[in-house]
Structure formats: structure tokens, C-alpha cells
Amino acid sequence: DILAAFRVTPQPGVPPEEAGAAVAAESSTGTWTTVWTDGLTSLDRYKGRCYDIEPVPGEDNQYICYVAYPLDLFEEGSVTNMFTSIVGNVFGFKALRALRLEDLRIPVAYVKTFQGPPHGIQVERDKLNKYGRPLLGCTIKPKLGLSAKNYGRAVYECLRGGLDFTKDDENVNSQPFMRWRDRFLFCAEAIYKAQAETGEIKGHYLNATAGTCEEMMKRAIFARELGVPIVMHDYLTGGFTANTSLAHYCRDNGLLLHIHRAMHAVIDRQKNHGIHFRVLAKALRMSGGDHIHSGTVVGKLEGERDITLGFVDLLRDDYIEKDRSRGIYFTQDWVSLPGVLPVASGGIHVWHMPALTEIFGDDSVLQFGGGTLGHPWGNAPGAVANRVALEACVQARNEGRDLAREGNEIIREASKWSPELAAACEVWKEIKFEFQAMDTLDK
């Protein structure tokens with residue numbers, strides 16, 4: 001069975017048992033009345049079952065309801081069908097004040113029907129020939145308005161300065177100021193020029209997201225013809241059907257696939273209604289993607305540390321034990337489905353580097369947009385500052401130093417022999433994003 005943990009807030013007067021049973025029925029075989037065709041099938045075989053209910057600590061009228069769905073209810077290899085069944089209609093139920101899908105346990109038999117990420121963490125490292133450290137990226141800014149040639153120039157400067165990747169912003173598709181084909185050509189030129197100068201393999205996340213699947217595939221095919229290593233997709237706005245199609249193409253044609261989660265906070269930010277991001281992350285690993293944005297813990301975007309590390313493990317590891325202290329409701333066995341690199345991006349700069357290295361470890365992408373392009377000396381010095389800070393943090397960690405306690409000192413020491421890093425440290429020494437997270441663990 002697929003197991004689901006729902007956070008249920010019933011309307012006043014509705015018992016939790018009735019609410020849990022209604023969720024199980026509506027998301028499987030039930031309807032609002034008895035129908036004569038019920039007698040033509042075995043409802044006992046196909047119906048969802050609410051098998052446990054527990055009150056949420058510290059909340060008045062809120063419960064975690066556990067529902068089991070027989071595997072026969074789901075089409076093999078289809079995240080689209082899985083979500084249509086489990087969350088398709090039930091969230092509009094009048095008997096419920098609010099409903100949130102907190103977690104899913106995907107059984108081994110169902111996991112094996114999915115290709116998953118096009119390549120996974122180890123294959124990506126082998127393709128890039130980069131080991132023993134997080135990868136470094138940068139989102140090109142301003143996100144909208146640059147011509148293709150100026151955009152390509154910014155890509156070149158960042159890659160030449162020491163970054164591994166640069167990135168299209170999620171809303172860069174094919175607008176009047178910069179059509180996709182022009183952008184792809186100038187970015188490919190920038191990649192090859194930077195590779196020739198640095199001797200390192202470089203990449204730019206070329207956003208293939210489009211209004212139709214056919215147009216999306218046309219862009220991915222052109223990227224492959226240019227010989228670039230990676231393309232990008234906005235998987236929630238583009239949809240799981242399009243994403244899975246693109247992931248299959250990427251595996252067949254040797255392209256890495258970067259995934260942006262644009263629109264996720266509409267779905268996952270409210271604590272009592274929607275779908276938790278750990279579910280969207282699991283779904284992405286099944287649908288296919290080699291990177292996905294996962295929050296930063298320390299930057300400008302939502303994300304409590306324990307919760308973030310919980311779904312980071314669900315993205316990367318092969319077997320994850322149930323751990324309610326990190327929001328993981330079920331033990332998950334991925335049976336060697338390739339892992340996904342979490343991408344930390346959003347309001348981060350060089351002073352965050354020790355914390356990011358300590359929190360996310362080597363198998364991650366640390367992505368600095370404003371934290372690269374906002375450097376007072378330009379894009380290439382901004383990239384140099386980030387690369388020096390990262391190398392210093394990795395070296396200090398490997399020497400046994402405590403990044404959590406000594407992080408600022410490590411950055412200061414490195415800045416003494418890197419004027420680019422020293423300038424970055426001065427610019428961003430006062431920048432902090434100290435707001436309470438909306439989505440917190442139940443105490």
C-alpha cells in the first residue's frame with residue numbers, strides 16, 4: 001500500500017474518525033451516496049482505509065490521520081495519477097476546515113515502476129569530474145530584461161571566476177527581450193570559452209520550460225545539439241507529465257536536469273493546508289530531476305533546519321528511517337533509485353558559506369545570485385570570492401575545524417589573501433534575514 005499522513009482539521013462538530021474516513025473514501029472508491037455499481041466490483045480490495053488517528057500536540061481540533069491506499073489504484077510510473085487520486089478532490093470537502101498532506105510512504109513495488117532522476121549524484125560528479133566539495137552556482141541577475149548577448153557575457157564572467165554552474169531564473173523562458181534560441185547560443189559560447197580558459201567543465205541551466213510539451217522538447221533537443229551538459233525545468237508550473245517526459249529524454253541523451261520549484265510555496269507554506277514540500281520532493285525524485293531547490297535554512301526563503309534536513313535526506317539517501325523530530329512520518333526505501341542534489345539558493349552570500357557547507361555537506365549545489373553579481377568589483381570577482389570561501393571552508397572542515405563555531409574566523413582568514421573575498425565580506429557583513437519560519441515541527 002501507499003501510506004499517507006494527513007493533517008486534518010475537521011469542521012466543528014465533525015468527529016475525527018468521520019473526517020479521516022471521509023478523506024480515505026473520497027481519495028479512493030467513495031462517493032456521496034450508495035450506487036448500484038458498487039456491487040459490480042470488490043470495494044474491500046480497492047478502498048482506502050484510515051488506519052490510525054493521533055491528535056496534534058498543542059492544537060485544539062487538529063489530527064494526523066493515516067490512510068492506506070491499495071497499489072492497484074495507481075497507474076505505474078505516473079506521479080500525475082498518484083496525485084490525482086490522493087489529493088485531487090478531497091481538499092475541497094465541506095466537512096473539513098483544512099487538510100494537509102504531510103508525508104507519503106511509497107512502497108518498493110511502486111518505486112520500481114519509475115525511472116527517477118536522469119543520472120543521479122555519482123554520475124553527475126563523474127560527468128563533471130568534480131569531487132569532495134559542494135558545487136557552486138549562480139542565478140543570472142537581473143532575471144528579466146537583459147539581451148541574449150549581455151546575458152551570455154554575465155554567464156561567461158561568472159564561470160571564468162570559478163563557479164561550476166550558472167542558471168536561468170525560473171521565469172526566463174522566451175520573452176520578447178530575449179528569445180530562447182538566442183540565449184542558448186550565447187550561453188553555449190560562454191560555457192566553451194570559460195572551459196577553455198579554466199580547464200574545468202562548466203554548465204548553465206538552460207530553462208527548457210515552455211507553453212507546450214512539444215516546445216519544451218524542441219528546446220531540450222537544441223541544447224543537446226549545442227553539446228551543453230544540463231537543462232532546466234520548472235516542474236510544478238510545467239507539470240509532472242511534462243517533467244517525466246523531459247527526464248526520460250535527458251537520460252537517453254546524456255543531459256543533466258536541474259529542477260526549479262517555482263509555485264511550491266502556494267502549495268506547501270501554510271502549516272494546516274496544502275501539501276508539505278517533503279511530499280513534493282519525493283514526487284520529484286520519482287518523476288525525475290538531478291537537482292532541486294530545497295531552501296537554505298540561513299537565507300531569505302522559508303525553511304526550518306530540522307525539516308529541511310529531513311527532506312534533503314529523502315532526496316539524497318537510499319534508505320531513510322522514520323524520524324518525527326525531522327518531520328519524517330514513514331520509513332522510505334528507494335531501492336537504489338538515483339539521488340537528487342539539493343540546491344541551496346535565495347539570499348545567501350559569503351558569510352553563509354561555513355553554515356551552508358556544514359548543513360548541506362558535499363552532495364549539494366550552493367547557488368549565489370545576488371551574492372555573486374552584487375560584488376562591488378563585478379561578476380568574475382564575485383565568483384572568485386565565493387570559490388575562495390568554499391575552498392577555505394572545505395579545507396577547514398577536512399582539517400577537523402568546527403564550521404558552526406569557527407565559520408566567521410575561517411572566512412576572515414581566507415579574506416586576508418583574497419582581495420575579492422575581503423571586498424565581499426565588507427559588502428555583506430550586515431545582511432541578515434531573521435524571520436520566524438511559518439512551517440515548524442509539532443512540539
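Quick reminder: no glycine exception, Cβ is built from N, Cα and C everywhere.
Taken residue by residue with DSSP, His293 (substrate binding site) is part of a strand. Counting every protein chain shown, the Cβ of His293 (substrate binding site) has 22 other Cβ atoms within 10 Å. For Asn89, Thr139, Lys143, Arg261, His293, Ser345, the entry in Swiss-Prot reads substrate binding site.
Sequence-distant contacts (6 or more apart, same chain, Cβ under 8 Å) of Lys141 (active site, proton acceptor) comprise Asp169, Gly369, Gly370, Leu373, Gly374. Classification of Lys141 (active site, proton acceptor) by DSSP places it in coil, neither helical nor stranded. Annotation source Swiss-Prot lists active site, proton acceptor at Lys141 (among others), citing sequence analysis.
According to DSSP, Lys167 (N6-carboxylysine) sits within a strand segment. The Cβ of Lys167 (N6-carboxylysine) has Gly137, Cys138, Thr139, Ile140, His204, Tyr205, Met232, His258, Gln367, Gly369 as same-chain neighbours under 8 Å, each 6 or more residues away in sequence. The annotation N6-carboxylysine is assigned in Swiss-Prot to Lys167 on the grounds of sequence analysis.
Annotation comment: Swiss-Prot describes Lys167, Asp169, Glu170 as Mg(2+) binding site.
What Swiss-Prot records for His260 (among others) is active site, proton acceptor, and it gives sequence analysis as the kind of evidence. Same-chain residues at least 6 positions away in sequence with a Cβ under 8 Å from that of His260 (active site, proton acceptor) are, in sequence order, Glu170, Asn207, Met232, His233, Asp234, Tyr235, Ile292, His293. DSSP assigns His260 (active site, proton acceptor) to a strand in the three-state reduction.
The site 'Transition state stabilizer' annotation in Swiss-Prot covers Lys300.
Binding-site extent for substrate: residues Asn89, Thr139, Lys143, Arg261, His293, Ser345, maximum pairwise Cα distance 37 Å (rounded to the nearest whole number).
All chains included, 21 other C-beta atoms sit within 10 angstroms of the C-beta of Glu170 (Mg(2+) binding site).
Compute the center of the Cβ atoms of Lys167, Asp169, Glu170, which mark the site for Mg(2+); besides them, the chain residues with Cβ within 8 Å of that center are Thr139, Ile140, Lys143, Asp168, Asn171, Val172, Tyr205, Asn207, Met232, His260.
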